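S.K.: Just dropping this structure here.
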Amino acid sequence: MSKPDVSKLNRGNIVEFIGGIFDRRGDEEYLGEPVTMAEHMLQGATIAEQNGQPEEIIVGALLHDIGHFTSEFGMFSMDDTEDRYHEEAGAEVLEQFFPSVITDCVRYHVAAKRYLCATKPEYFNRLSEASIHSLKLQGGPMDAEEVAEFEKNPNLKQIIAVRYLDEAGKRADMETPDYWHFAPMVQRMVDKHMGA
């Protein structure tokens, strides 16, 4: 199965394109966690669905780490001289197709970890060893100025919800449906943003 031309992505094929990423690349290791990339994202979405969360939270959890696959979107080059932050890369790709609440959940899920560690010290105890390591690389807990700025985001509640799902989606033995179970919901979010 070959990758489609990203310049031809539109509301009619973006959902299938993302599904292809899950199918082709989902078995990749998830940063030292006991789950694959697909399992991680599917677990977050499944937990959200089981808890009756709104579709925007479910889809935000499902797609929050899609930026790890920047090569699928033509955004990676061997000439790159700096990190392409996966959260920003993912949001950049999705923002033309999805409402801002979803792209904010993607763009700020790393910042939300830093925020929660600064404002709810007990949150740190939820973090896995790999997540603690990445927290250090991401700048550690936010300072007071960063917290105040972050709290201005109108989608703060949803971003925080996805962050909790991000941390919860690391269970080695959890059964989940596949991406295609969520695909109709993903399409509804695309249609909501782009006009049905």
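Quick reminder: no glycine exception, Cβ is built from N, Cα and C everywhere.
Among the features that Swiss-Prot reports, Fe cation 1 binding site is placed at TYR30, HIS40, HIS64, ASP65, ASP166. Per Swiss-Prot, the feature domain 'HD' maps to 37-156; the stated evidence is sequence analysis. Among the features that Swiss-Prot reports, Fe cation 2 binding site is placed at ASP65, HIS86, HIS109, with the record citing experimental evidence.
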S.K.: In whole Å, how far is HIS109 (Fe cation 2 binding site) from HIS64 (Fe cation 1 binding site) when you measure between their Cα atoms?
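M.R.: On Cα coordinates alone, these residues lie 7 Å apart.
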S.K.: Please state whether DSSP places HIS109 (Fe cation 2 binding site) in a helix, a strand or coil.
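M.R.: In three-state terms, HIS109 (Fe cation 2 binding site) counts as helix.
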S.K.: Between 0 and 100, where does the mean pLDDT of the domain 'HD' (37-156) sit?
M.R.: 87
S.K.: Tell me the Cα distance separating HIS109 (Fe cation 2 binding site) from ASP65 (Fe cation 1 binding site), rounded to the nearest angstrom.
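M.R.: Taking the Cα atoms only, ASP65 (Fe cation 1 binding site) lies 9 Å from HIS109 (Fe cation 2 binding site).
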S.K.: Does HIS109 (Fe cation 2 binding site) have same-chain partners at least 6 apart in sequence with Cβ under 8 Å from its own Cβ, and which are they?
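M.R.: In sequence order, HIS64, ASP65, GLU87, ILE159, VAL162, ARG163, ASP166 meet the Cβ cut-off.
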S.K.: What does the DSSP secondary structure composition of the domain 'HD' (37-156) look like, as residue counts for helix, strand and coil?
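M.R.: Looking at the domain 'HD' (37-156) with DSSP, the answer is 82 helix, 0 strand, 38 coil.
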S.K.: Please work out which residue of HIS40, HIS64 has the most C-beta neighbours within 10 angstroms of its C-beta, and give that one of the binding-site residues.
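M.R.: The residue with the densest Cβ neighbourhood is HIS64.
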